[in-house]
Amino acid sequence: MSHLHTIALRISSFNHLTQLHSQIIQHSLHHDNYWLSLLITHCTRLSAPPIYAPVVLHSHVLKLGHQCDRYVRNAIMHMYAKYGPIDLARKVFDEMPERMVADWNSMISGYWRWGDEVEAGSLFTLMPERNVITWTAMVTGYSKSRDLVTARRYFDEMPEKNVVSWNAMLSGYSQNGFADEAIKLLDEMVVDGFQPDETTWVAVISACSDRGDANLANSLMSMLNERNVRLNYFVKTALIDMYAKCGNLEAARKIFEELGAFRNVVSWNSMISAYTSVGDLNSARELFDRVPCKDVVSWNSMIAGYAQNGQSTMAIELFKKMINSKDTKPDEVTMVSVISACAHLGALALGNWALNFINENQITLSISGYNSLIFMYSKCGSMKEAERVFHKMERKDVITFNTLITGFAAHGDGFAAIDLMRKMREHGLKPDRITYISVLTACSHAGLLEQGKKVFDSITTPDVDHYACMIDLLGRVGRLDEAKSLITRMPMVPHAGVYGSLLNAGRICKRIDIAEFAAGQLFKIEPENSGNYVLLSNMYASIGKWGDVERIRAKMELLGVKKTTGWSYVEFDGKLHKFIVGDKSHERSNDIYKLLRKLRIKMTKAGYVADKENVLRDVEEEEKEEMVGTHSEKLALCFALLVTDSGAIIRIVKNLRVCWDCHEAMKIISKLEGREIIVRDNNRFHCFNDGSCSCKDYWTAEMTANVLRMCNFALFLIDARGVKATTAGRPNVGKSTLLNAILQEDRVLVGPEAGLTRDSVDTTGWLKRTKSEEGASSLSIVQSRKNLMRIHVVALVLEGQEVGQKRYGSG
């Protein structure tokens, strides 16, 4: 008999339970109600018994005819209430000839466990006699349902309370982020004469942890010291978490070391998360490697730490190690971190591999999981897949819409972003600050000034980031003085993002005065950011101010500011192949440079001329061309052309903004090689296809300045795909006539090729509308103004005199 008791005490799995059942039958004890109730009771203590276990045990009871025994019946009901189906628990409950308070309590707790608030409340109302356990079950149930008002009402109406009751209400406040209410309730508890126990202190400490308030943490620690509270294992573990979340890693580590052999996986995980939250990945990994028995939270903490601190490759490598260990099964939290890591890398193949792992291992995704997939596809330049996931989701939240809107913004699809915000409202969701930032960014990338202004004006209280977006938009459409004026009218102190937008606008529009003003502010706000120095230095170099270039260099050297190394990579065969400018370290460098030389010859024949304006040294032209010709994105592209199948999409990730020269080269190569090339730089996506870019050549202002350095006159016809036709040279009768026709007349004749020469313009017969269309038959395209939807016509002359600018159609 003692042998059976030993087996019963050691039950930890359904197999052990089956073993106990066999022993009961062997000893002919299966007719003993005590042993049957013991068997069923131990089943309810298992963490995850097989889904069929309750039905099997109930069938055995019915077979032996013990269903009428009160203790056996109560054990069966409690078993169903815990593991389901809850309807069977209610059936057993209803069939009871007499019900004890414990039976009612088990049934009410069962309904709360399965989220049935209505039935729990109904039984509570019908219950003839209640005890403190009943009332506490209602407090706990409403607290877990986040209805703290109702929970508090039941708590206040309790005829009598015990420590467990107080702890239930305290835990409710703690778990729902009401730290102040938890501390206030602790004071009431002490005033009412109840002595807080370890559960009380753990609840209050946890509430302070979620606040992340160091002062509150110190006050609570003083309270513990004043009351001479014994800091046992559970309280110390909670304190580690509190100090970790409050940023006091020294105090957290001290308590952690004090625990010694009593440390559990929770305390290890708290310290790992604390170190990753401040970016100390080395200390986090050192602890992670020492954890004696890692659980899924241990792995998740370290993987998320890598993913959230720019170490995406390490996150994926650790995930692979987790899989190979086979000790712990990844869950949704794991996969969200892994997918996010793939997103930051722009590694679509790895992202699809992670998705296959989810499907093969039947990991259920919540809204958070699907949001991460939208994020991944958006960051990998696959918006069709991102939209597919979005439309597949049955439930969506604000983050779902924001993630897709941000994707549209990065791809320069302003209209899609605006439309999705409209659908978001129709869905019953209110746009938040992130929504507006993303939509304004989309308007900026697409040059939608009027739409952007409407969005900005609709924001009740714009914050500094919204102003930064609006300044960026004004700058991108050339309204730099208006952008600068808006900065002076901001109701808050501008941050680096505001002046960074203005600096970039000054770069695009070649306004050195604006650039110098913005850079001067940025040097004060973020003196360690090398990008600001480099951008201004490049502008000086482009106009030959080498003295100013050297001055900026000297300032960087004095402050110890290092220029960020530009790099680009492509994903191939499960690896990321990384390149820097002039890189010859790759195993296929010889092939890469051989192909690059061939492409340069083909591009030159197609009209490509290297843009050498931003080369920072006053060197020979051939040397400058070689320097821009070996930029990292060009090397990455050549490698991708070598290793991928003909016609396959090429995806390149670059850590800095893609330069103008590489932008033009990618356009030409996409047409020459018949490839779609997707480049993600630090600002947006550029999708090159058949000689054009998805950014719709939003480099036009920069290109205009390049042309105007060489001539007195430049004309650009720009449609949704980019430059339709250009002509440049000195003003003459032919061009003046064309200018008048474009700016004043009803008919516009558009030449099909970019870079038309002076002679071709003079001899094509572009005349006023008094000339019939047939008189211009040498042109391959003849369009009337009413058909020029979304075409911008821009005419400019030197010395800063704008002859005219007119926009036709809805564009």
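The backbone N, Cα and C atoms fix where each Cβ goes, and this holds for glycine too.
According to TrEMBL, the feature domain 'DYW' maps to 607-699.
Positions annotated as domain 'G' by TrEMBL: 727-763.
According to TrEMBL, the feature repeat 'PPR' maps to 69-99 (among others).
Remark: secondary structure over the repeat 'PPR' (131-161) totals 23 helix, 0 strand, 8 coil, with classes taken from DSSP. Annotation comment: TrEMBL describes 131-161 (among others) as repeat 'PPR'.
Per TrEMBL, the feature repeat 'PPR' maps to 162-196 (among others). When Cβ-Cβ distances below 8 Å are used as the criterion, the repeat 'PPR' (162-196) is approached by residues 132, 135-136, 139-140, 142-144, 146, 148, 151-152, 155, 203-204, 206-208, 210-211, 213, 216, 220, 229 of the same chain, each at least six residues removed from its ends.
As annotated by TrEMBL, repeat 'PPR' applies to 264-294 (among others). Taking Cβ pairs closer than 8 Å, the repeat 'PPR' (264-294) reaches residues 233, 236-237, 240-241, 243-245, 247, 249, 252-253, 256, 301-302, 304-306, 308-309, 311, 314, 327-328 in its own chain, all 6 or more past its ends.
Using a Cβ-Cβ cut-off under 8 Å and counting only residues 6 or more beyond its ends in the same chain, the repeat 'PPR' (295-325) has close neighbours at 265, 268-269, 272-273, 275-277, 279, 281, 284-285, 288, 331, 333-334, 337-338, 340-342, 344-345, 350, 357, 576. Look at TrEMBL and you will find 295-325 (among others) tagged as repeat 'PPR'.
Residues in the repeat 'PPR' (366-396) partition by DSSP class (helix H, G, I; strand E, B; coil) as 23 helix, 0 strand, 8 coil. Marked as repeat 'PPR' by TrEMBL: 366-396 (among others).
If you take every residue in the repeat 'PPR' (397-431) and average the pLDDT, you get 96. As annotated by TrEMBL, repeat 'PPR' applies to 397-431 (among others).
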Inset, instruction - For the repeat 'PPR' (366-396), could you work out the same-chain residues 6 or more beyond its ends whose Cβ comes under 8 Å from its Cβ atoms? - result: 332, 335-336, 339-340, 342-344, 346-348, 351, 355, 358, 403-404, 406-408, 410-411, 413, 427, 429, 651, 678, 680, 685, 687
Inset, instruction - Would you mind listing the long-range same-chain contacts of the repeat 'PPR' (131-161), meaning Cβ under 8 Å and 6+ residues beyond its ends? - result: 101, 104-105, 108-109, 111-112, 115, 117, 120-121, 124, 168-169, 171-173, 175-176, 178, 181, 192, 194
Legend entry - Within the repeat 'PPR' (397-431), residues counted as helix, strand or coil by DSSP: 26 helix, 0 strand, 9 coil
